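S.K.: The structure is given below, and queries will be raised subsequently.
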Amino acid sequence: MFKSTLNSIIRRPLKGFQLLRGADSSNTRPQSPRASARDVTEKQILRTPSAPTAIPLREIIYRVPSLFPRPLEDSVKDFRDFIKNEDAFQTELLKTLPFYPTPSESKTARLIRTVVDDEGNYINEFCIRPRKTSVPEADLKHLVFIHGYGAGLGFFIKNFEDIPLLDNEWCIHAIDLPGYGFSSRPKFPFEYPRDNIHSVQDWFHERIHTWFSKRNLLNRPEKNIVMAHSLGSYLMALYLQKYKESPSFKKLILCSPAGVSYRDFNNTASEVEKWKPPPWWYVKLWDRNISPFTLVRNFRQLGSKITSGWSYRRFKHILNGDPEQSKRFEALHRYAYAIFNKRGSGEYLLSFALKCGGEPRLSLEQQLFDGKKSDILKNSNCDWLWLYGDDDWMDVNGGLRVSRFLKEKLKQKSNVIIVPHSGHHLYLDNYKFFNNILTKEMQKI
């Protein structure tokens, strides 16, 4: 049983603990001021990326001290602090920003909980506003951040810090998806394969739409941009389908989107041969929602130490510089531990949306961007931007095909950009370029 549980830590995640070879994990190349984002034409065919592959169990055991670097005493303290006040882990991270909780000269920010269903469940939001707006409230523009699988709004900390509010006309909203982060975590009402994916999607979409409505973002949808990452991109593309007659935003930016297309080997035997299906027990764990988060919750005092197997490699090389950045790294690790340790809920969407190994059960290309279904989004009047890291394991070729479909069949604006020196978490790996892209998109609204 322990062997099976430990092996669940190496399932091929969208964002989970990457004790993996070839994954977007530890040492992303440093940013270069001379590098530039790259537009990709729809005629280009790029290397088909491979999903992360697992390290053998024996190697994991041998490398335990280096794989989980959090000191034991710190891990125990994190557990005790979580029991005492789990909400403090979020505020501790956000307090590393220069405008929270005390406003700066130009920005103010606050945490907001918006009730989104009859059971009293809420969506957690971090809202950044200009201290003095230059336009009437109704004319403010809005940028909404939506995270991916297993993540939370705190992972956008480097974007919050640097993205300008452009003439004090913009508000930034970062939300935790229903059942994620510090949003309420009700018992997930679905079970795979008993329930179908469309019911699960509706559960998310209706609550997200209620949040848009209650936050008065539906009054002027032409002033809204949504930036969604990974599995959040998958959800928000399908959200457009559900509310196509009354869209909630003008532009959708899909950051390393999950579930766009099925695996494409470019018809080469070598690529087909390299890909091996996961073993049957691996698939069973995936379908039963046995994840690294299960380990974090069940191992109690060791949960933060287990979390460090992902967080130290993901964040440390980016944030660990001067003392202030080291303080932020510590807060970011503890934040990651807290959201991984909270009750499982929204994360169980994963087994409905994706097969073990990252293949979509129903791809966006099949559901939305098929020639036989060209009328699904034709009235959405939404602009699209597809962002991929140059070392991303999400397949840019699917984004290229879909972008071409949007432009040629639906006559909608769509573009694909590859961000240099970044992987799946490009919003963090190369946040300067990423923030610059978002700022340029904001200027177009």
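Just so you know, glycine gets a Cβ as well, placed from its N, Cα and C.
Pulled from Swiss-Prot, these are the listed features:
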{"type": "ACT_SITE", "residues": "Ser230", "note": "active site, nucleophile"}
{"type": "ACT_SITE", "residues": "Asp392", "note": "active site, charge relay system"}
{"type": "ACT_SITE", "residues": "His424", "note": "active site, charge relay system"}
{"type": "COMPBIAS", "residues": "24-34", "note": "compositional bias 'Polar residues'"}
{"type": "DOMAIN", "residues": "142-430", "note": "domain 'AB hydrolase-1'"}
{"type": "REGION", "residues": "20-41", "note": "region 'Disordered'"}
{"type": "MOTIF", "residues": "228-232", "note": "motif 'GXSXG lipase motif'"}
{"type": "MOTIF", "residues": "424-429", "note": "motif 'HXXXXD acyl transferase motif'"}
{"type": "TRANSIT", "residues": "1-39", "note": "transit peptide"}
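How about a rundown of where these features are and what they're close to?
M.R.: Under DSSP, Asp392 (active site, charge relay system) is assigned to coil, being neither helix nor strand in the three-state scheme.
When Cβ atoms from all protein chains are considered, those within 10 Å of His424 (active site, charge relay system) total 29, not counting its own.
Summarising model confidence by region, the domain 'AB hydrolase-1' (142-430) averages a pLDDT of 90.
Counting residues 6+ beyond its ends, the motif 'GXSXG lipase motif' (228-232) has Cβ neighbours under 8 Å at 14-15, 145-149, 151, 177, 252-259, 349-350, 353-354, 394, 424-425, 427 in the same chain.
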